[in-house]
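Please read the structure below before turning to the comments.
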Amino acid sequence: MMRKSGFCVVLIGCLLLTGANAQQPQLEIQPNEKVMTREVGSSLALTCRPNVPDPSLVTQLEWRDRFDRKIDSFNRANPVYVQHLPGEPGAVLIFPSLTENQAGTYTCRGFYANTEPLLASVDIKTYVGISFVEAPENQYPIVGRDFRVKCKVKGNPTPTIDWNKDDLPITTNEKFVVDSEELLIKNVTEADDGVYKCTAIVLMTGDIRTRNIKVEVQVPPKIQPMDTITIVEGESASALCNATGKPPPSYQWIKLRDRQDLSVADRFEVKKITGQLIINRVEYESDDGLYQCIAENSVDRVNTTVRVNVLVKPRIFQLQNATDPVKANTNLTCKAYGRPPPSVTFRKLSRREPFKVGQQLDDGRIFLEQEYNPEKGEAYGTLLISNLTRSDDGLYECVAENTAGVAYKNGHITTLFPPTFARTRDLPPVWSWDNRPGNLTCLPEAIPNATIMWKYGDIEIQDNNVFRKIGNGPVSYLIINPHNDRRYFTRYECIASNNLGKASMFIQLKQGFVPGSVSQVRKEYVTATTIKWSIIPANNFDGLPLKSYTVRYKPERELSWDYARNHTWSFGAPYILEGLIPEETYHFQFAAKNEVGMGPFINAESVTMPRRSVPTQPKILIESNRNKIDNTANREDTAAASPYADHFELRWSVPNDNGDPILYYLIDYCITEKFNGEWRDRDCVNDIQRSIQYTSFELDKLRPDTTYKIELRARNSIGDSWPAVLRVKTARGIDPIVPMQTPAMSSSAIIGIVIAAIVVVLVLLDLTCYFVNRLGMIAMCCNARTKHTDDEDPKLGSYKAAPAHPSSLNLPQPIKLATTTTPTEEREPLQQPMSVEFDGKFTHSKSGEIIGKHSAV
Ligand SMILES: *[C@@H]1O[C@H](CO)[C@@H](O)[C@H](O)[C@H]1NC(C)=O
Ligand SMILES: *[C@@H]1O[C@H](CO)[C@@H](O)[C@H](O)[C@H]1NC(C)=O
Ligand SMILES: *[C@@H]1O[C@H](CO)[C@@H](O)[C@H](O)[C@H]1NC(C)=O
Ligand SMILES: *[C@@H]1O[C@H](CO)[C@@H](O)[C@H](O)[C@H]1NC(C)=O
Ligand SMILES: *[C@@H]1O[C@H](CO)[C@@H](O)[C@H](O)[C@H]1NC(C)=O
Ligand SMILES: *[C@@H]1O[C@H](CO)[C@@H](O)[C@H](O)[C@H]1NC(C)=O
Ligand SMILES: *[C@@H]1O[C@H](CO)[C@@H](O)[C@H](O)[C@H]1NC(C)=O
Ligand SMILES: *[C@@H]1O[C@H](CO)[C@@H](O)[C@H](O)[C@H]1NC(C)=O
Ligand SMILES: *[C@@H]1O[C@H](CO)[C@@H](O)[C@H](O)[C@H]1NC(C)=O
């Protein structure tokens with residue numbers, strides 16, 4: 001039922017419509033809307049067409065506005081115009097851009113067949129669309145302040161505004177206030193950065209517009225505090241002005257003194273972006289002072305002031321030397337420049353410590369003054385010395401020092417003084433003999449240099465055939481040719497003078513003679529083969545110094561002195577005569593010798609040599625320090641310390657064999673302990689034999705921290721000597737590891753190997769000797785060896801006289817000792833003992849001095 005009737009209505013409507021079209025001429029406006037709502041500013045075209053059976057009968061088709069005024073066709077001045085359709089009747093009303101006051105009813109009119117009026121109208125309504133009036137897309141709030149984010153919109157009807165930030169809606173709260181035109185952000189912080197979305201909506205029209213507003217919070221520049229900048233003149237330096245701020249600030253540097261912008265100044269560079277200031281080849285005069293750094297960004301411009309301290313290294317620009325006589329006052333002034341003004345002091349170059357300001361504690365005559373002139377940057381140091389002495393003479397270093405550096409300059413004080421002979425006062429006389437000229441030297445000290453004059457008695461000496469002067473200052477030699485004339489052997493006066501005074505000195509010329517006869521000779525110590533003499537020179541001993549003594553000797557049975565042997569000692573050496581034959585009686589004659597020649601021989605007492613006997617007691621050598629032998633330790637109580645815990649090297653010097661060759665040495669050692677003041681021995685090892693080739697023996701496998709008693713005897717065919725006794729205490733614990741000693745040990749090991757090799761060679765030599773001469777023996781060949789080292793020894797002649805005498809076979813040993821300083825041995829550090837060992841009672845220790853026949857004339 002319902003469906004049927006509905007269908008029917010539609011059908012009727014359709015019929016009505018077509019029926020009307022067909023029947024009634026009328027006008028049609030397209031778009032076909034009774035009311036047209038359009039946005040202001042949009043364009044609109046309304047087409048009016050007749051709907052008539054014969055369109056050609058339509059006339060006067062026109063548009064009229066709301067005031068019923070006809071609207072003209074196109075004219076630029078008109079905001080609205082009409083255009084006719086080409087080829088058919090129809091008028092188009094065109095609004096190029098709708099305005100609000102164009103709203104109203106517009107009517108399209110015409111006539112059909114000249115009589116029937118046609119009419120159609122349309123109502124045009126306008127609205128204003130949403131537009132952003134003031135809503136910049138970038139807005140810059142400043143930190144710490146309130147800021148209004150602008151989003152001002154226009155629209156009719158009025159739109160409403162919504163705010164979003166990061167897709168979250170913003171509502172009014174303690175931070176934000178949402179307003180119709182803006183968003184108030186209170187107390188902006190950097191966290192308020194972001195994109196704010198401003199959305200405008202007109203509910204009625206459904207119009208919606210959004211705008212993204214980028215909010216960038218800005219921070220005014222803030223310059224980090226800067227410290228004073230210190231630069232040394234001539235160097236380059238840079239200062240950094242570091243400011244925070246958003247956007248990052250740019251920088252400017254200004255030298256305050258002349259308000260110069262340093263970005264354009266010579267020697268300066270300004271990095272606008274980083275704030276760095278670079279100063280090249282800094283100058284004190286122009287660069288020292290205050291500088292200003294300005295940091296600027298869109299928010300603010302701030303500045304700060306910084307001090308640049310230019311330091312100048314000290315420079316000494318004046319140091320005058322001083323020359324003044326003794327007892328005068330003098331001063332040495334040193335002037336220096338520097339920033340800050342340096343402190344100026346002095347140091348005598350020969351001393352380490354500089355002088356103190358003010359009076360010196362150790363020398364009240366010396367005073368150091370300092371003065372400053374800060375404006376000029378100068379400082380002066382003055383060293384005042386009163387009552388000048390000669391020791392003040394010398395170089396003085398001026399030291400100028402400030403924080404930038406130090407400068408040195410040497411000046412000198414010259415102390416003038418009258419001539420003096422203080423250092424050459426007690427010269428020995430000058431000797432002349434055999435027509436040799438005497439050479440008198442006069443060397444006074446004086447500043448300025450002295451001029452020298454010589455006097456003989458009261459007469460000034462001129463050159464002649466006796467005298468010749470060489471030089472008259474600062475040194476002068478007087479050469480005297482006395483021609484054996486006694487008058488010239490006298491004293492001469494040397495007179496030195498300069499502008500401060502004069503001084504004179506006497507020099508004696510003496511005639512040289514051979515020494516007088518020796519006044520006394522005593523035998524001091526006798527063994528079977530040796531005699532030690534004590535010699536006293538001539539009584540009135542005022543001649544040339546003695547150089548040597550010579551002894552001539554012969555066995556009593558030889559009547560003539562023609563074949564006498566002789567021996568010469570240098571003056572002061574131990575006067576030991578060796579190689580004598582036991583039980584033989586000798587006659588001796590002694591003479592002294594000086595540069596002129598040898599004096600007369602005089603007889604000394606005859607000596608009958610004792611019988612052969614056991615060797616003398618050997619002497620144990622103790623190395624107290626490295627390379628230094630202490631041979632005072634033969635007292636039985638002495639406990640020497642061994643540097644090692646487990647071994648000890650016993651060393652000794654060869655004793656006198658007393659006429660019978662030493663066969664070997666015997667060594668005993670025991671552990672010894674002291675009980676109630678008495679030594680008790682135990683665990684003894686006895687009778688270790690040591691060949692005579694050696695003068696040392698290594699005791700090993702000892703116990704640490706234990707005292708050993710060591711006895712050493714020398715044995716010859718007659719018997720054993722008295723034992724030399726030594727107590728040694730070994731070191732505690734393991735051997736100390738002394739790095740310095742390791743190479744020494746290894747080098748001594750090498751020496752040991754070398755010595756062993758030499759020994760092997762010697763033994764071979766000895767065997768050769770034996771087979772060639774049939775009277776070999778080690779001693780025989782040793783004899784030959786020592787001859788070589790002692791080839792100046794006149795005594796060797798005496799060996800030849802009695803070659804087969806058995807007692808002479810052993811002589812080399814003491815001789816060898818007496819020449820321990822032969823060059824080969826000097827090179828070996830362990831052989832360096834500079835001791836001469838002769839017998840058990842007398843020890844002659846000389847360090848490095850050449851002894852015996854070496855210095856004989
Ligand atoms: C602004 O905020 C800062 C820290 O965010 C705060 O210290 C300051 O007191 C605030 N100022 C005002 C006026 O609220
Ligand atoms: C500048 O100062 C800031 C804050 O004190 C610091 O983090 C930055 O490292 C400084 N820049 C330079 C180049 O020193
Ligand atoms: C430096 O800042 C002070 C205030 O802090 C201002 O008076 C002065 O004019 C500024 N100087 C320059 C060169 O901008
Ligand atoms: C001072 O003496 C030194 C030499 O000792 C010399 O080099 C220097 O030139 C002298 N100074 C003056 C100012 O004469
Ligand atoms: C230092 O000596 C000079 C002459 O050598 C003299 O003119 C000057 O006055 C002296 N200065 C002082 C402080 O004694
Ligand atoms: C100067 O020094 C000497 C010693 O060097 C002294 O004997 C003398 O009294 C001093 N003179 C003065 C004036 O101090
Ligand atoms: C005098 O002795 C000196 C050194 O003492 C020497 O330099 C000079 O040459 C000698 N003169 C003569 C003529 O011998
Ligand atoms: C003083 O004598 C020395 C040594 O002969 C010489 O070097 C020096 O130049 C002399 N001085 C003067 C001022 O003549
Ligand atoms: C010492 O003896 C040698 C020969 O052995 C002889 O030539 C020399 O003249 C002698 N000297 C003295 C001072 O008798």
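Any Cβ shown, glycine's included, is placed from N, Cα and C.
A TrEMBL annotation is a machine prediction, not a hand-curated record.
Features as listed in TrEMBL:
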DOMAIN    25-109  domain 'Ig-like'
DOMAIN    117-214  domain 'Ig-like'
DOMAIN    221-309  domain 'Ig-like'
DOMAIN    314-414  domain 'Ig-like'
DOMAIN    419-510  domain 'Ig-like'
DOMAIN    514-612  domain 'Fibronectin type-III'
DOMAIN    633-733  domain 'Fibronectin type-III'
REGION    792-815  region 'Disordered'
SIGNAL    1-22  signal peptide
TRANSMEM  749-772  transmembrane segment
So, by DSSP, how many helix, strand and coil residues make up the domain 'Fibronectin type-III' (633-733)?
0 helix, 59 strand, 42 coil
Helix, strand and coil residues within the domain 'Ig-like' (221-309) as assigned by DSSP:
7 helix, 47 strand, 35 coil
Overall pLDDT of the domain 'Fibronectin type-III' (514-612), taken as the mean:
91
Please work out the helix, strand and coil residue numbers for the domain 'Fibronectin type-III' (514-612) from the DSSP assignment.
3 helix, 50 strand, 46 coil
